[in-house]
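A.B. asks: One structure follows; several queries about it will come next.
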Amino acid sequence: MSERTAATTDPDATDGADDSTETPTEITSGSTSVVRALENAGVETAFGVQGGAIMPIYDALYHSDIRHVTMAHEQGAAHAADAYGVVRGDPGVCLATSGPGATNLVTGIADANMDSDAVLALTGQVPSDMVGSDAFQETDTTGVTAPITKHNYFASSPDTVGDTVGEAFALAAEGRPGPTLVDLPKDVSLNETDREPGPAQAPETCRARTDPADSQVEAAARAIERAEKPLLLFGGGVVKADATEVARQFATEHRIPVVTTMPGIGAMPEDHELCLSWAGMHGTGYANMAITHTDCLIAVGTRFDDRLTGGIDTFAPEAEIVHIDIDPAEISKNVHADYPVVGDAGRAIERVDAELGESPDAREWVEQCLTWKEEYPMDYAAPDNEPLKPQFVVEALDEATPDETIVTSGVGQHQMWAAQYWTFTEPRRWVSSHGLGTMGYGLPAAIGARVAADDDETVVCVDGDASFLMTIQELSVAVRENLDITVAILNNEYIGMVRQWQDAFFEGRRMAAGYDWCPQFDKLAEAFGARGWTVDSYEEVPGAIEEALAYDGPSVIDFHVDPAENVYPMVSSGGANGKFALSEDQL
Amino acid sequence: MSDNRTGLQGPAPDERPHPDGRRNAQGIRIDPEAESEHEPRRTVFSAIVEDEPGVLSRVAGLAARRQFNIESLTVGPTTVEGHSRITMVVEEPEPGIDQIEKQLAKLKPVISVGELDDDAVRAELVLLKVRGEDPDKVHAITEMYDGRTLDAGPETITVQLSGDERKIDDAVDAFRRFGIIEIARTGQTALAHGSKKTVPGEEPGTSGEPTKPNTNTQ
């Protein structure tokens, strides 16, 4: 329990987060009503940074059992809340003051929006009568965040602000999850009210349809029955809908091979015979072969991102597409859906399963997929005369940690290697920035994941040198809260994915890509109060990992890896998945 | 560490089988029936929205960031307290039109949204300020288009015309001979033909229970 109890800012609360609703906040003002609404919604933890306009909310939190984790930067608060939500399955909550506090949240909110992660952001605002006057630390926060939230609210009265916060919390989780924001003018927070907030409900105009229409289910089932090369594509929606069990059962019962998207990693155990891992730009060769040759792609909870599809003209070119999604706007947005099924992922799969007369006869196809697995194995060369390979580090970490370890990452080459060479077997264990591609996500996400996870779970952050440097200040939070996190930096002294693209597409002009000016991360970690190691050779890898994992607190291992190593396979941008390159000369 | 690691193996891209199939830019598999690309189509959406601050900016912002081509946008109160009607004319190829409707429906303040049929009743209003040198002729043209003179002076005459888009276009052409100094057009507003409901949310004599037709469509 140490890291949980150490976190609370309330000197009176000694039992941490587990008894958050024992003494509900007494409602005397807008801000106490806000905190009460959070308590009513079951919020146990919030991440944030103090500041002028949000002070009344923090003052109300002083008396609440909600645990507050002070972050070093508001971006970190948004990422931590995002990751907390991914691991827990409930919306994460973050707080920031007006102006720069709110704008610093923006990257994290945009990240949550792109990955459909449920996050509630509460921002302070200047008093109502000063709005529009360019007051100190005033920003049009609802204006700035409108394009990157499901909806945002400008609180207008202390009597209703609790209802608004409850609604925003519920809306974040409703249907397709996403971020919501409530902007809280200081007078609304400070002014008196004794009104109890009503139950937290998503607005009537935003209720999602969960049970699909009979006609859609029937049409989808007929298409699957007649398929000869059926392929399941599990997206992040399978994980978010907690549909993993139903989805896995459907795949194994009908013997249909599975590929996932990156956010869908863990929806199917990657060591399962039928699992072809993830498809797309740096996905496995066998996943991309299967997607290229399937005649019936059953896609669940995915938005057909361009990094998955490559060029639309050559995406699953032979396939009829069954698209199950809870958001009707995703149907036929990027790829035409021949058989749309709008509804909750788990419910829709159950309904299609019940409607299916017989399993498709796909024995030959399954054999073909297994053959591709042998034909295009994931592997990397590691000759004696070359430096430590990053993929080896990922494998060694996977080997040294329990099966259900939570892995967060930044964005870039290290993220791809982590996703390629870590074998994930459960959902909500791979926590990364997919749609927005936010470098710096890894460390604050590890903090959020650590706070969300049970004490006996392991949390590892696989980071890059450039990504780590972007949010490195959050290490101070991990130290202050004594969070048991192991950060593994795959340090190649480059913003590596850019360097790889410069070599492949810009004739090797490595403009602004070199990062050999990075600090000594082991010493920096020690300066923060964490433990640090530097690893240069294969021999040092197991020992450093063992020591770092054994240390009960934040630890940083700076792995100096081969700066020349590239991420392959690779589908060139806009190219055909089936033409993935195995090396640069095949691009 | 030179063990049995060999690196990525397997046939090169041009040694692999590749299917013949193709999709068009809309992600539709190309077959004889769907071979052609869709031409842009002009259509009218009507939406009932909660009358709250910023609702127009949310609709306009959505259109801008998703590159929907809006021809005109009008907004006004309805018979239901707190509900406004937005009428939006757009020109887009087919899948884009479908996206506009679905994305609008996702906005929290949007209670209902629908595309109007071709037989919908449409009208817009225009104010035209023309040179006042030939008041009799200006008056005659105004009469011809069932318009009204709002303001007349020695220098300028301002007239008001209303009707469907075609009529307004013709009238504007007719006034060009006098020299149009300024013009202000409201953009189209529209309702469904006859007793057909435009979109749910404004039933006469009812409070207009919010419904969201999009959630039961594909």
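Any Cβ shown, glycine's included, is placed from N, Cα and C.
Automated prediction, rather than curation, is the source of TrEMBL annotations.
So TrEMBL lists the following for this protein:
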- A:1-31: region 'Disordered' (REGION)
- A:1-11: compositional bias 'Low complexity' (COMPBIAS)
- A:12-21: compositional bias 'Acidic residues' (COMPBIAS)
- A:22-31: compositional bias 'Polar residues' (COMPBIAS)
- A:30-142: domain 'Thiamine pyrophosphate enzyme N-terminal TPP-binding' (DOMAIN)
- A:189-212: region 'Disordered' (REGION)
- A:217-351: domain 'Thiamine pyrophosphate enzyme central' (DOMAIN)
- A:410-559: domain 'Thiamine pyrophosphate enzyme TPP-binding' (DOMAIN)
A.B. asks: Under DSSP, the domain 'Thiamine pyrophosphate enzyme N-terminal TPP-binding' (A:30-142) has how many residues in helix, strand and coil?
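C.D. replies: Grouping H, G, I as helix and E, B as strand yields 56 helix, 20 strand, 37 coil.
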A.B. asks: So if I exclude everything within five residues of the ends of the region 'Disordered' (A:189-212), which remaining residues of that chain have a CB under 8 angstroms from its CBs? That is, six or more out.
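C.D. replies: Non-local partners: 27-31, 33-34, 36-37, 40-41, 56-57, 60, 124, 150-151, 158-163, 165-167, 169-171, 173-176, 324, 326-328, 341-344, 347-348, 351.
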A.B. asks: Can you check how the pLDDT averages out over the domain 'Thiamine pyrophosphate enzyme central' (A:217-351)?
C.D. replies: 98
A.B. asks: Give the residue counts of the region 'Disordered' (A:189-212) per reduced DSSP state, in the order helix, strand, coil.
C.D. replies: 5 helix, 1 strand, 18 coil
A.B. asks: Provide the three-state DSSP residue tally for the domain 'Thiamine pyrophosphate enzyme central' (A:217-351): helix first, then strand, then coil.
C.D. replies: 51 helix, 27 strand, 57 coil
A.B. asks: By DSSP, what is the split of the domain 'Thiamine pyrophosphate enzyme TPP-binding' (A:410-559) into helix, strand and coil residues?
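C.D. replies: When I sort the residues of the domain 'Thiamine pyrophosphate enzyme TPP-binding' (A:410-559) into the three classes, I find 64 helix, 26 strand, 60 coil.
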